[in-house]
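Chemist: When I checked Swiss-Prot for this same protein, it listed these features:
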BINDING   GLY11, LYS12, GLY13, GLY14, ILE15, GLY16, LYS17, SER18  ATP binding site
BINDING   CYS99, CYS133  [4Fe-4S] cluster binding site
MOD_RES   ARG102  ADP-ribosylarginine
Amino acid sequence: MSKLRQIAFYGKGGIGKSTTSQNTLAALVEMGQKILIVGCDPKADSTRLILNAKAQDTVLSLAAEAGSVEDLELEDVLKIGYKGIKCVESGGPEPGVGCAGRGVITSINFLEENGAYDDVDYVSYDVLGDVVCGGFAMPIRENKAQEIYIVMSGEMMALYAANNIAKGILKYAHSGGVRLGGLICNERQTDREYDLADALAKRLNSKLVHFVPRANIVQHAELRKQTVIEYAPDSAQAGEYRTLAQKIHANSGQGTVPTPITMEELEDMLLEFGIMKTDEQALAELAAKEAKAAAALA
């Protein structure tokens, strides 16, 4: 059996990280790979499309019902989805109470101790990336995830989050084996999006693994709680996810130690690509607008 690959998808909330990861993993399982998904997002939506169901019960909620994690069996928390993909959601506490990352730590330890990682080719962690706090950084910090894929777009906050995640990877890259596998751009149809994503990837000493075009069929599939791979296997969008899966499969050992940039450098990049206006441009536009309004009144 091939060496276990532990990958993680990180990204800003709402970027389409869980959708992208589940479609990619559905394509990987079609390639004959055995997969375990460990959802590390408090929304617990990392496995919904694979299971064709509402969010599955989380390790933390089941442990609370049973008394403790020690009272659980592996089959209590592990569900089997599309083409045999194993699914677990770590979960998080009630909003405003406790550390959401605690569920990640508890879950990974429980899964390892109970043999969930046996007989799989890939373990995939789906992780919230707005905050790289101790708990959410756990797959990186504890040397679990070896390849990190950052899902982003051409929007400023997605770029900012991607750079922050790169900082988190760098922090643990030298003490462990974690590497940045690359960036995955989920198209939002912003100006010069591909160029900007590609430029950021290069600045981070990485690469743009794939540019996933925006397509309504993704939402159609999601409404039916399915991946595009399952819902419309012959569609162009399913082909995009298969291409992404092939690229990730071929990317073993290709990860890099990232070189995060400063906020000033990020803003300079946005100015360079015309995404952010300089003060001079903004003032010139305002003056032109006022002149036009004055002419209309004259």
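Backbone N, Cα and C define each Cβ position, glycine as well.
So where do these features actually land, and what's packed around them?
Modeler: In the structure as shown, the Cβ atom of LYS17 (ATP binding site) sits within 10 Å of 26 other Cβ atoms.
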Chemist: Going by DSSP, is GLY11 (ATP binding site) sitting in a helix, a strand, or coil?
Modeler: strand
Chemist: Across all the protein chains here, work out how many other Cβ atoms are within 10 Å of the Cβ of GLY14 (ATP binding site).
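Modeler: Around the Cβ of GLY14 (ATP binding site), 12 other Cβ atoms lie within 10 Å.
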Chemist: Counting only residues 6+ apart in the same chain, whose Cβ is under 8 Å from the Cβ of ILE15 (ATP binding site)?
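Modeler: Spatial neighbours, sequence-distant, of ILE15 (ATP binding site): VAL151, MET152, SER153, ALA158, ALA161, ASN186.
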